[in-house]
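Annotation comment: TrEMBL describes 497-615 as domain 'STAS'. If you look up TrEMBL, you'll see 65-81, 93-112, 118-135, 147-170, 176-195, 231-249, 255-276, 315-336, 348-367, 388-405, 411-427 marked as transmembrane segment.
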Amino acid sequence: MNPSQVNFNSPRKFRTTLKSKCKETFFPDDPFRQFKNEKPLGKAKKTLQYFVPIFEWLPQYNLKMFRFDLLAGITITSLAIPQGISYAKLAEIPPIIGLYSSFVPALVYAILGSSKHVAVGTVAACSLLIADTIGSKVSSKDDPTLYLHLVFTAAFITGVFQAALGFLRLGILVDFLSHSTITGFMGGTAIIICLQQLKGLLGVNHFTTKTDVVSVLHAVFKNRHEWKWETAVVGLVFLVFLLFTRYLRQRKPKLFWVSAMAPMVVVVLGCLLAYFTRDRKHSIQTVGSLHKGLNPISIKYLNFDAKYLPYTLKAGIITGIIALAEGIAIGRSFAIMNNEQVDGNKEMIAFGFMNIVGSCFSCYLTTGPFSKTAVNYNSGCKTAASNLVMAIGMMLTLLFLAPLFSYTPLVALSAIIMSAMLGLINYEEAYHLFKVDKFDFCICLAAFFGVAFITMDTGLMISVALALLRALLYVARPAACKLGKLPDSTLYRDTEQYAEASGPPGILAIQLGSPIYYANGNYIRERILRWIRNDEGNGKAVKHVLLDLTGITSIDTTGIETLVEVLRMLEVKHIKMKIVNPRLEVLEKMMKSKFVDKIGKESIFLCMEDAVEASYDFSVTAEKQGFEEQRSGVA
């Protein structure tokens, strides 16, 4: 193949490259493909369906699908009631708020949600993080009204933040929460939540407001004179029952409904036990009064006072990112099982509006929790209408049944929370990380121990910082390898990976595997020179250096200068440098910076084989010229 076949067309205009980059950055899934070749009315219809997904599935909805959604909706309602009360307790807000938070947000998600399987509700980790963050400024006991208003404000900020990320197509920010970070964070959170439930399990009245393991254990044993053996026995019985139903579900997946109904059974039995022992000396502590009625409007209670804003912003943004990471990941996981796709940015918009509207109707942060979504999926849900059924079920509960749950024992809620949290400690995944990637395992441990022994946000930030450090190391120390030709083929591969691959005599072939930036320019230069020194030290004369840029997706001006410096250094050593297969963006910058003129178009090739053949031809020609010069000198 002739080197002239390399495409040296004029570089694209700035507007063209900017449009291409923006499309790949913000619209990698090409959401506008469905609008092509559509008439104005068709485009308007598609736009409405894109932003309001209920109009996409509702026209095809039928009675058969409704039967499945009805069953799934009733099942997740039975789980939403005890979980709502339990997680409201974690957030240190009135239990009725937990029930409110499974009503209005579910209605919004049924309209705007793009996932068929996600069932919305409150989550333990975010509930505890809200209590930890806002509680550091305002005590839920000293000023419960202000504390509750700040919780609503944090939910509003979460919604605005999530919706903005969705509209601006900035879902990439959520990707910085790596899988190892989430695994460690969830495990650490599960540990501290389980330990905090010892307060309810043992019937302790005085407890610490801190969340770290040391403080919680100190509070438990310091107040051991308050332990109530009756409460502990009841709690252990409930916990064993819940763990047994979880074990039964794992052994026999068809009995998933037993595990789903178990929390409601615990609540009902607990209510009966608390009611019949209410007048006795050793009565069980309950959640207290729950009033009938739908969500009251709370928009007037949103508090943006500068004195509290840093705390509501912190709580809103951090929990918003965690809620998005969990909700989107769960939605995609269940969609993959059915060979379907979930648009992450549309989900962000749905979660955002869900929290904005919810905060205006006495709800706190909601997302797509794993436990409820798994139950929804296993119940056979067909569309987001299962959330609509759950919302109707919660509405009926709030209107007629709420006072019945006022006898719910705190010990029953503690058992429900502990059983749910034990499922979040993923030992197998941590061991998998240890076997596959030790650095990922360290990131997981940093999140786990940071959350468990310092604070939740500190543990999360340490883990994210380590993950970012790793990403920076990948940029600063890019992958590079020495290439050799495999026997009886035209393929050139890494000589370290394939021992039988050997480099042609006098030729050093190098493959660079990541963008060349200011951060790694010096490393790349020194790495190339070190390979040359190693070959020369082993008695191998290097006459040609071939740089395979197939894996270089981009290059900046510092990267261009690095290549210029390498070219000059090699010229001093009488070594020729050649470029192999530069990609479009890289070649355009080489042309604009005049690097192509410096190295010559004849030194740029489409493939390694062409570059090697040209190097051989050059060497033969040079030898002939040297021989002719010798003969003429002798003559």
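Cβ atoms here come from the backbone N, Cα and C positions, even for glycine.
Scored on C-beta pairs under 8 angstroms, the neighbour of the transmembrane segment (255-276) with the top count among 118-135, 147-170, 176-195, 315-336, 411-427 is 411-427. Through the fold, the transmembrane segment (65-81) approaches residues 99, 102, 119, 121, 257, 260-261, 263-264, 267, 371-372, 375-376, 379-383, 385-390, 392-394, 397, 405 of its own chain, all at least 6 residues removed from its boundaries and within a Cβ separation under 8 Å.
With pairs at least 6 apart in sequence, the transmembrane segment (231-249) and the transmembrane segment (411-427) have 3 or more Cβ pairs within the 8 Å limit; the two touch.
Each of 118-135, 176-195, 388-405 was scored by its Cβ pairs under 8 Å to the transmembrane segment (315-336), and the highest score goes to 118-135. Taking every listed stretch (93-112, 147-170, 176-195, 231-249, 348-367) in turn, the largest tally of C-beta pairs under 8 A with the transmembrane segment (118-135) is reached by 348-367.
Across the domain 'STAS' (497-615), DSSP helix (H, G, I), strand (E, B) and coil residues number 58 helix, 21 strand, 40 coil. Counting Cβ pairs closer than 8 Å to the transmembrane segment (348-367), the top stretch among 93-112, 147-170, 176-195, 231-249, 388-405 is 147-170. Long-range contacts of the transmembrane segment (176-195) within the same chain: residues 90, 124-125, 128, 211-213, 216-217, 220, 321-322, 325-326, 329, 417-418, 421-422, 424-426, 429-430, 433, 437, 440-441, 443-452, 456, 459-460, 463-464, 467-468, each at least 6 residues beyond the stretch ends and with a Cβ under 8 Å from a Cβ of the stretch. Listed stretches 93-112, 147-170, 231-249 were compared with the transmembrane segment (388-405); the greatest number of C-beta pairs under 8 angstroms is found for 93-112. For the transmembrane segment (93-112), same-chain residues at least 6 beyond its ends with a Cβ under 8 Å from one of its own Cβ atoms are 51-54, 77, 80-81, 83-87, 118-122, 140, 144, 147-148, 151, 287-288, 290-291, 294-295, 346, 349-351, 353-355, 357-358, 361-366, 384-385, 387-388, 390-391, 394-395, 397-398, 402, 405, 408.
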